[in-house]
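See below for the structure under consideration.
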Amino acid sequence: MRNCKGLSILLCFLLVFFAMPFPAVAEEAEAMPVSEASEWSFSAFGSNTSVEKNPDPMINSDGSVKIVANGGKIASNEQGISFYYREVPSDANFEIKAKAEVLNFKGDDKQVSFGLMLMDQIGQHRNSEKHNSNYIAVGALDTIIKAFYMQESLTKTDMLSQTPSQGDIFELSIKKSGDNYVLTCNGTTETFTLPGLFSDTIYVGIYAARNAEIKFSDLNFTLDTKDIVDLSVDLSGMKTSYLVDEPLNLKGLKVTAHYSDGTSEELTEEDYIVTGFDSSTPGTNTICINVGEISKTIDLEILPLTCTKLTVKYLPAKTDYYLGDSFNPEGLKVIAEYNDGYKVTELTEDKYALYIAGKAAEDYVFSKAGTQKVEVISRENPSVKTGFEVNISDASIESLEISRKPEKTAYFIGDEPDLTGLVVYARYSDGSKVRLDKSEYEVKGFDSSAPGEKEITVYHKGKTVAFSVVVKEKEVMGIEVTKYPKTTYYIGETFNAEGLEVSKVYDNGDREPLTDFSVDASAFDGSTPGVYDVIISADGFDPITLKVTVREKTEYEWKAIRFGQSTSDSKNYVNFLDNGAVEIVALEGGGKIATDHDGITFYYTEIDAKDNFVLSADIKVKEYAKNPHDGQESFGIMARDAIGTPGDSSIFASNIAAIGGFSGGTKSPNGTQLFIRTGVSSPDGAGSKGIRRIMIKDEKPGPDNTYPAAEYRLTLAKTNSGFVGKLNDGEEVIFYEPDILNVQDSKIYVGFFAARLATIEVSNIELYVSSSETDAPRYIPPEAPVTPSLQILSLDKTSNVNYSLVVKPNVNGSITVKQGAEILVRDVTVNAGEKYSVDAVLEKNSENPFTVIFIPDDTQNLSSYEKIIKNFSVTMRTYNEGGNIYVSPNGTPYGDGTKDNPLDLDTAIAFVKEGQKIILMNGVYKRDSALVISRYNDGTAENRKYLVAEPGSRPVIDFDKKGQGVTLSGNYWYIEGIDFARSAPNYPGFIIGGNYNIVENCRFYENGDTGLQISRTDSSENIAEWPSYNKIINCESFDNRDPSENNADGFAAKLTCGVGNMFIGCVSHHNIDDGWDLYTKAGTGAIGPVIIDSCIAYENGTLTDGTVGKGDKNGFKLGGEGVPVQHIIKNSIAFNNGAVGFTSNSNPSVIAINNIAYNNAKGNLVFTSYSGIETHFVVDGFVSYNTEGAPRDSATGVPASDDNYLFDGTKSVNKSGEELTEKEFIERLLELISKIKSIK
């Protein structure tokens, strides 16, 4: 190894130069040591606990306590826990507090638990017998945060819906005062009064159970030693009258404690517990002030609400009528104000009455032309009323017109009428034509009791129109087999009609089973292969033929193979066990079941694709999926239409049908599913339509719930109707698509598989193969009806008066759009899946009501044909026009956007105008929800919208591991100088789905997935609609980590990003996976070329705290799945990454100009692709230098050049054999660093 002192100094410089200051999110204070460690004890007891699973806690020098519990449980009637506790008498009053930091938590197991607990009885240390005791606790249970207690039965109250994940910190406390208990988590409080919960001793402490590793710090126990003999309460300054649902206000209440020594002390709110408050019902409400065993009562008066104002928010969908029409209130929404603004709410229909001309509006028929007022009167306070006007035209009805007849015009005796598809219009004397609702006309004349032509008449307002239908008697068409016996036989077997059912078939589709029929199997020859006719006869009918097959018995050869991406001989293999079972292994990271391709261990046999089969086996799951799962692990039975080359780790795709353990995504449930992939036309995944799945059992399979601990027998079958899956003897589920495996090969490869992380043991295998030619014919199920819906896609908040209302139906139909009472469009045809836009002018600084009426076209197969009425309000507002909008962490929606009265961030984003700047004042903007810049919230090329830090500040938008990060779907935004931190698990810190955006001088860290990612934020499959022409400039991304520790990159432009996206002058380091990820999926298709210019990637794969990830760990990952995309990377540096510095990741078309790589663990440069793919790499001016013996560089098809210094395993040389010296390397490095520093 060469002398590298100079390089070490330079590397230190690089690390200091490129590492910006660390997160501005406030750090937690040092833990407060437990004052008397001898008072604390530890016990692990209860079901499923053991020395191995529940080791003694680690007591740290700072007083923190780490408890690791891989055994135990919190169940409905037992507790098995690791418990660090102290003892106090049951009559003691005290408070225990602690911070619980999650180091590991199995989020899919409801019996995993941790937190604070007070327990009545504890089990003997290291006794694993079942234990059940009264207790009260606050912490994790049922995968979320709860307050819960055991007293006869387990009672649970949700506190936080958050599932704990690695790095989360929960501030917990339990305060006991007499029989009252106050439980708190992160500021959320629950109070319980529980007499008799404890007997003699209370065991107070911290605990963990099942699969949790928790660090408890600031553990503090405070015992109240004062002897209170009485309380006095002064109500003179306290509010004692409340409206319904008004919160308790203790301001002005004086509570004084009197002690046994004769002294007295006025208490604070923290010193006493208030119980019994309930303002939900008018009347007297008695509350108790509790301190220890002493309590005082206070009577409060709860006053009923009084309606003081009504407002019509949305007019009815119909406000224009003709004489003789009935009033229709559909769509009407009324807002009530109670007690002069105390409460404002939308009323239900029973809370108000409608009157027209002094009469109830229900079924009111308009008999007078002109304008009429509809009164809206409060039923709660009839003196409060409002109203609106409707218009009645004096035009008279002239005729009815059938614009479309019903779909069904032929009937059988006894059929009910079906008017689906009938469209009727009324014509009026003013030339208008109005479509009638089904409720507006009557239909008479249908009679199916006798055959013949029937005239059906439509009636409306005294006018009629008629159409004809035909009624006939049903006729027997013949007989058919409705249940099939065995139809495939091996030589030597005899025909068996068991299970055969024959039915009469009528022309209306009815079937009636026959009991009297004969079967003639004389032509069947069980000694000779062939297809034979079995004749079925019944009196009065022509005989029918049941075909059966006789074939040679085939001994199917079983084989083992591993193939596909991420597989290897060390991770993917098959073992044949002494007990006759087959063990199929995919160790962690060994393969995957991805949306469009697979990498699997496969134990299989081959059958003819024309045949059907049933394959069953008992499955023992020894290991499956880490926690949390990463979405690509799977096991079970699989059938596929092609397999890869043995031992080849290239991308390989086929159509599949499978049953077994599967999730399909980190956010999807992981259970036993039937799933299929369709549309794949070639091994590269072209044409893939992705994976569809049906959940059979929503429980993660593992050693405890699979064979032999529990029955777990999987069955996968192919029939002429489709692919069928079944667990044990449960209900069959089916995909009615039998031909999906007839694409790539004339064979079906069927067997048992494992991927990513799964080890299974397969036994009692049963395979039955039959001839599809003679099996039961294909059943095509009726098409499932579509539930009609209408999306309103446009903004509900805007700063523009010129507005476009955008709607998108999922079925064909017609829409009418109203703005208030004004009709903007009427009965316009809209198509399923297509957007339709209606222009409107908004009233400035007001709320603008819209009503959209959608009538589905009833010629479609729908679950409902009722019209859909959607009310939608658009708030138009501006702030500080002509100036900047200021926001602060303490800003509110009621600010005016000035520096002295700032807005909150969401309001500013919703109402910023084109060309206007949102200025973020300094501070931490802590959130528990996503920050969304919606589609259509756009700037323009000339006037962007700005979201920038106040000069001299560094604001932090902290999602607190609860919010889903930033979603930027708008266009032409400029975002600068802001930190984006700690998004929720499996969500990027910042995702760009819009176009022409610039993000500059921002940092992304500690997020639950990639720091910043460019990918679509909707469901568009068209690359033209994917995010394009976005620039990321001088940004830094680090310490991003997903729960599975294998997916969070620093920056990404992958999967579904368009053209023209650029990263300039950015730095990515210490991310759990890659620095940059430009992954492309074959099934989704090529993404747009990305430019990476003057960027740096270092130390990726390891976090700043030393945590080593389980992902790829590359610096720049520049593609995926062999899809050619001409990404350009230039003037960039990669060093000290956990894997490869610059990798094409199978993309055969990367262009790399003037880049430097140094000491990357698995190579500085790896530009390769899969076998059979022609490469078109361009590598020019590449400098690769290594002092730690990494693998040699690889660039397939790149001719040697004097401009490239590639590492050959020992030294860096160019085409002429000139070796790059350390001095020359440093000079080139400094030159490039200088160039990167100049980026602005």
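For all residues, glycine too, the Cβ spot is worked out from N, Cα and C.
The feature signal peptide is assigned by Swiss-Prot to 1-26.
Mean pLDDT for the region 'Has catalytic activity' (27-551) in this predicted model: 94. Annotation comment: Swiss-Prot describes 27-551 (among others) as region 'Has catalytic activity', evidence class experimental evidence.
Every protein chain considered, the tally of other Cβ atoms within 10 Å of the Cβ of ASP1073 (Ca(2+) binding site) stands at 29. ASP1073 (Ca(2+) binding site) falls within neither a helix nor a strand when secondary structure is assigned with DSSP, and so counts as coil. Annotation source Swiss-Prot lists Ca(2+) binding site at ASP325, GLU349, ASP350, ASP1049, ASP1073, ASP1074, ASP1077, citing similarity to another entry.
Feature annotation from Swiss-Prot assigns region 'Has catalytic activity' to 545-1240 (among others); the stated evidence is experimental evidence.
Per Swiss-Prot, the feature active site, proton acceptor maps to LYS1117; the stated evidence is similarity to another entry. Within 10 Å of the C-beta of LYS1117 (active site, proton acceptor) there are 29 other C-beta atoms, taking all protein chains into account.
Following the DSSP three-state reduction, the secondary structure of GLU349 (Ca(2+) binding site) is helix. For ASP1049 (Ca(2+) binding site), the same-chain residues that are 6 or more apart in sequence and have a Cβ closer than 8 Å to its Cβ are THR1010, GLY1011, GLN1013, SER1037, ASN1040, SER1068, ASN1071, ASP1073, ASP1074, GLY1075, TRP1076, ASP1077, ASN1100, LYS1117. Look at the binding-site residues ASP325, GLU349 and count other Cβ atoms within 10 Å of each Cβ; GLU349 has the fewest. A count of other CB atoms within 10 A of each Cβ picks out ASP1074 as the most crowded of the binding-site residues ASP350, ASP1074, ASP1077.
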